[in-house]
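As structure tokens, the structure follows; a few thoughts come after it.
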Amino acid sequence: MRQESVITFLSVYELEPAEGKPYKRVSMEEAQRGTPPDRPVRVYADGIFDVFHSGHARALMQAKCLFPNTHLIVGVCSDDLTHKYKGFTVMNEDERYDAVTHCRYVDEVVRNAPWTLTPEFLTKHRIDFVAHDDIPYSSAGSDDVYQHIKEAGMFAPTQRTEGISTSDIITRIVRDYDVYVRRNLQRGYTAKELNVSFINEKKYHLQERVDKVKRKVRDVEEKSKEFVQKVEEKSIDLIQKWEEKSREFIGNFLQMFGPEGALKHMLKEGKGRMLQAISPRHSPSSSPTHDERSPSPTFRLPFFTKTSLSPSPLPDHSGARGYPISEDDDEDDDEN
């Protein structure tokens, strides 16, 4: 019965005046073609927004971008309504209000928003469209709390972001409960603050020490692997350099001492020089002819002339001066 009254009310385009001007709700076609110049399209999106994450931000971004000129109003339910219809929240209502306020796509925040939208609420906030994902939202005894909005033509669907939601985040924390308890104990939280018993506290501390030892062993293993890898790389580099130097040394050795090396040529050349130095020259096989002989040089004693060559008498008592004693003189001497 209440849904019929809401639909009947929403079929009337004239809403309550605001600031002395009548407020006429625009249709989907008008909003998509371009809004009236005097005001933007007012879009409403509601939710709990607990542990505000990227999925919430993306949904509000889609609502903001539905039309060229959009004024986005976001309703956030209170703790009482949320705990009654959905369950306990991680963040309290003030924290959730503040988180939504700091979202760049939000123009206005409605605190203590209703769980089900009423005609009075839509009229009060002059709402043109309601943005939410198209999945039926069963709650408060209804199969879909947005069904009457859809039937009135005021529903603007958005897309959910897969893989991220408040329930998913809480599931991760519950699944890895021990990890996060140990994390917070390590960061200075007390067992009382974490609602952890004395025995469990000691168990978590012991597990933390064991994990530290494991991490140290793992670090040592990784460093050892890195060291071995570096040694292998250096060994390979040294072996390659050694091979290059060895080939260079062998090439130089063969070039010097090989069969056709420089040393052999040096020895041959030295041997030839030594043989030339110690061996006499060979005499010619035939004597040169008279014509081929070179004239003998004329030898003359110094200071002698032709006159000085005439014989001079020698004394009788000596044969040292003058002519030499002839054989006839010797015979005369014997006869006397």
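The count begins at 1 with the first shown residue.
Glycine residues also receive a Cβ, built from the backbone N, Cα and C atoms like all the rest.
Here is what TrEMBL says about this protein:
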- 203-230: coiled coil (COILED)
- 279-288: compositional bias 'Low complexity' (COMPBIAS)
- 326-336: compositional bias 'Acidic residues' (COMPBIAS)
- 44-172: domain 'Cytidyltransferase-like' (DOMAIN)
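Counted with DSSP, the domain 'Cytidyltransferase-like' (44-172) comes out as 45 helix, 26 strand, 58 coil. In the predicted structure, the domain 'Cytidyltransferase-like' (44-172) carries a mean pLDDT of 93.
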